[in-house]
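Pulled from TrEMBL, these are the features on record:
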TRANSMEM  20-49  transmembrane segment
DOMAIN    24-506  domain 'Major facilitator superfamily (MFS) profile'
TRANSMEM  69-88  transmembrane segment
TRANSMEM  100-119  transmembrane segment
TRANSMEM  163-190  transmembrane segment
TRANSMEM  213-232  transmembrane segment
TRANSMEM  349-367  transmembrane segment
TRANSMEM  373-394  transmembrane segment
TRANSMEM  401-421  transmembrane segment
TRANSMEM  441-462  transmembrane segment
TRANSMEM  483-501  transmembrane segment
Amino acid sequence: MARDQLQVLNALDVAKTQLYHFTTIVIAGMGFFTDAYDLFSISLVAKLLGRLYYTKAGAPKPGVLPPSVSSSVTGVALVGTLIGQLFFGWLGDKMGRKKVYGLTLLIMIVCSIASGFSFGHTPKGVMASLCFFRFWLGFGIGGDYPLSATIMAEYANKKTRGAFIAAVFAMQGMGILFSGIISLIVSSAFDHKFHRPTYEQNPALSTPPEADYVWRIVLMFGALPAALTFYWRMKMPETARYTALVAKNAKQAATDMGKVLNVEFEAEEEKVEKISRGKANNFGLFSKEFLRRHGLHLFGTTSTWFLLDNAFYSQNLFQKDVLSAIGWIPPAKTMSGLHEVFRIAKAQTLIALCSTVPGYWFTVAFIDIMGRFAIQLMGFFFMTVFMFGIALPYDHWKTHHLGFVIMYALTFFFANFGPNATTFVVPAEIFPARLRSTCHGISAAAGKAGAIIGAYGFLYAAQNQDKAKTDAGYPPGIGIKNALIILGCINALGMICTFAVPESNGKSLEEASQETFGDDDNEAEEA
């Protein structure tokens, strides 16, 4: 079976876990740490932005972002991410993983800092500049998805490859947690220094002018972890699989990996040439041969990621509204602006600490034992069960807060010990090296399309059916209960689509992608 396997690739497949594996996890993972921090931190300060820029004198409640502004501030980074996933995914296969890897991180660093310097003479001007920088921030973040997954997959050994790729993605959970902790620290410090009465007590004084610094500091902090790893990302060698199988430079692949593994490899130029002539390495993206071999797989990875992100981002983005409904976050008028940031950050940090983060690391621990398929199917199943468990008796949970929080936390736990991690892992394993980054980018972009629908749609859908109880500027929606029922149906559909995703556990990347195995042309030559 391994007759066409290059010596250098086989060495990577069977290598024991070494320092370079963990170095790669940290370098790639810090990008995801920043990704999650930047994408999710905006939900922590959105209420403060409403108070600062949209509070009307004499209004009974503090200002909130108008629907169009709220959906734009939330969704524009997701739109940028989608475009970045497609563009950098394609570029990673054309130019190489390493050449564009540093660029994505640089864009993220610059735009994270620039987001904090969003200024304008009017609220509209501030929000427009914030949206501009967050779009380009998302563009850089998008590139990190296919490149980080592909690089980690191509560096890893086949025994623990799933855990390594999942560990990179697990840094997303740490980024979500860190965004909550930074928001807690910054809002607490400012509240201590510039303590103000509640909006109910004194609307004009409830949000001090200094609060304008809070959201800027929170957003800018996302640049720090990315900046710390920029140098090491630029020092990484190109992956052997790209150099040998795509660039067809066997000598350079042997040299690069010789330095990484401290072993001398023969430059198998004839074998590289033979592999490149094979039928399995000469079809294009969306050709008949591609669709025959990988069409169903691409449908599986795109559909499951689309459905997962639709539900996952919807849950995250209106999490503060759900927590308000059960009493974890008091009515806005009973808090000052800074204290509201503190309460939202506290609630979301607890959710992250108790369910989101553990779920990621459970996947790391079990993905190479249970397999990708089983974890994804199990995750979608329990997400469906718990979402319906919340939605159907929703009125009951209004008076049973602890039970509600446990059920809600379990949906996040099984999202992360389930499809949120596996949808990231599998596309990096089951497509040929020359199309791997592109196909991962397409799959990830489908996920972000689902996230955009969630981010935009559920801001409206979750509004109260009674117009008098909706947020300012929003039309009546279907209510949180019905929105959660829809999310449950989406999760159930994701469970069905999982059957289109193949199992790649325990296989080399070449076996999983059918890249150098079962090739009719090679078999004919040997015969």
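Note: Cβ is positioned from N, Cα and C throughout, glycine not excepted.
Small disclaimer: the values here were computed from a predicted structure and weren't measured.
The listed stretches are 163-190, 213-232, 373-394, 441-462; of these, 441-462 has the most Cβ pairs under 8 Å to the transmembrane segment (69-88). Outside the transmembrane segment (349-367), and at least 6 residues removed from its termini, the chain residues within Cβ reach (under 8 Å) are 162-163, 166-167, 169-170, 172-174, 176-177, 180-181, 183-184, 319, 375, 408-410, 412-418, 420-422, 425, 505. Sequence-distant neighbours of the transmembrane segment (100-119) (same chain, 6+ residues past either end, Cβ-Cβ under 8 Å): 31, 34-35, 38, 84, 88, 91-92, 125-127, 129-130, 132-134, 136-137, 139-144, 147, 151, 216-217, 219-223, 226-227, 229-230, 233-234, 236. Just going by CB pairs under 8 A, the stretch in 163-190, 213-232, 373-394, 401-421 that sits most against the transmembrane segment (483-501) is 373-394. Sequence-distant residue pairs (6 or more apart) of the transmembrane segment (163-190) and the transmembrane segment (441-462) include fewer than 3 whose Cβ atoms are under 8 Å, leaving the two stretches without contact. Same-chain residues lying 6+ beyond the ends of the transmembrane segment (441-462) with a Cβ under 8 Å from its Cβ atoms: 67, 70-71, 74-75, 78-79, 81-83, 85-90, 92, 142, 145-146, 298, 301-303, 305-314, 317-318, 321, 423-424, 427, 474-475, 477-480, 482-483, 486.
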